[in-house]
Ligand SMILES: *Cc1c(COP(=O)(O)O)cnc(C)c1O
């Protein structure tokens, strides 16, 4: 393919495709990169140049692009049954997936509700929590608590519990009011967790009897800029939710599926389970849109009735799509048979080792890691740091999108020693270039 073909596609994309999370006026200056194919951790443009997908294509990819095992599972399902509605019908891929997820929670979250994207899973968890309390006669419980700088998606309900200014500000007048409490972000110092717990207690005390659920991203608030906290925070919130009779929603859309070192990040709290877990992104290995909400017997039972209006009412056309479920089953089989979590411990160690020199680099701060998520903040980023870093990294075969002044890696689970060193060298060289430009 020629340079002309690549530029032609860029031009047509700018004319016809409205890109997400993008100011199109900037895209006209720095046009989107046409990707022709993917193989393992690498993406290839139309001129044959390659780029390491360091952010796993918005955190969805687990085992690389065009993974043969997952692809074969989808292809097999494609010839059998691509899709059937999940109301009035059921199918083996959905049932098997729900059973596998139930087993991963020791049966505690034994009921799975399906949707297609992360934001919808959040909407479902919020609606289900509210409706569950209502069915129990607790109609005042219709408020939600969320964390400062938390991210739970960008539909109107999910955005109401999202506290990331850039996504929220323009739409704020449209949104339901939620209570935003302190984040346990460990960058804010050793006292921050205690402050965050105290602030949550304050909010739950002030709104006692009115709060349906607390929603959190366990261990890492990803879109906030990889803000990390300790598992002890999870124990504290589980306790407070029990004390105040509030549902705990663990949004594991980004941190689930082995990212954090355990299959579910919440497991590291060693304090039982949340009342809801939302999953999406990695669950289908970066192939097809799928999301799920897992919940408990208690929540499920609160809807059990002959009355349709007491049932949970929420549906999407592609709910429980059979192709996406087949992909997710292949992903979970990989975890069951290939020691993925054990291998991730080793891969995370290789990343930590390779990036250790950054801890002594005066230009950066807060080098931090949780499993297969590694991040650091640049002290004096200068204007348009994220965009300049992204473009400079491309020249070094690295596809990466910093969040503000936070540079992070969330690679596919395909890191060996050579890859870890390639990633460090590319990040360090990009940093040198971008920061020397700024001065
Ligand atoms: C990405 C994300 C969502 C939203 O998922 P979409 O599929 O993009 O709608 C929700 N919560 C968290 C924690 C996420 O990272």
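For all residues, glycine too, the Cβ spot is worked out from N, Cα and C.
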Worksheet, complete the sentence: Cross-ref TrEMBL: substrate site 58, 151, 281, 315; candidate in list 401, 405 matching that site is 401
Fill in: Identity of the pyridoxal 5'-phosphate-site residue among 53, 251, 377 (reference: 118, 119, 316, 317, source: TrEMBL)
251
Practice prompt. Measure the Cβ-based neighbour count of residue 58 (substrate binding site), defined as the other Cβ atoms within 10 Å of its Cβ.
Written response: 14
Worksheet, complete the sentence: Keeping only the binding-site residues of 118, 119, 251, 317 whose C-alpha lies within 10 A of that of residue 281 (substrate binding site) yields 118
Worksheet, complete the sentence: Among the binding-site residues 281, 316, the one whose Cβ has the most other Cβ atoms within 10 Å is 281
Item to complete: Check the binding-site residues 58, 118, 119, 251 for any whose Cβ is under 6 angstroms from an atom of ligand 1, and report them in sequence order.
Response: 118, 119, 251
Worksheet, complete the sentence: residue 58 (substrate binding site) to residue 316 (pyridoxal 5'-phosphate binding site), Cα to Cα, whole Å, comes out at 23
Fill in: Between residue 316 (pyridoxal 5'-phosphate binding site) and residue 401 (substrate binding site), the C-alpha gap once rounded to whole angstrom
31
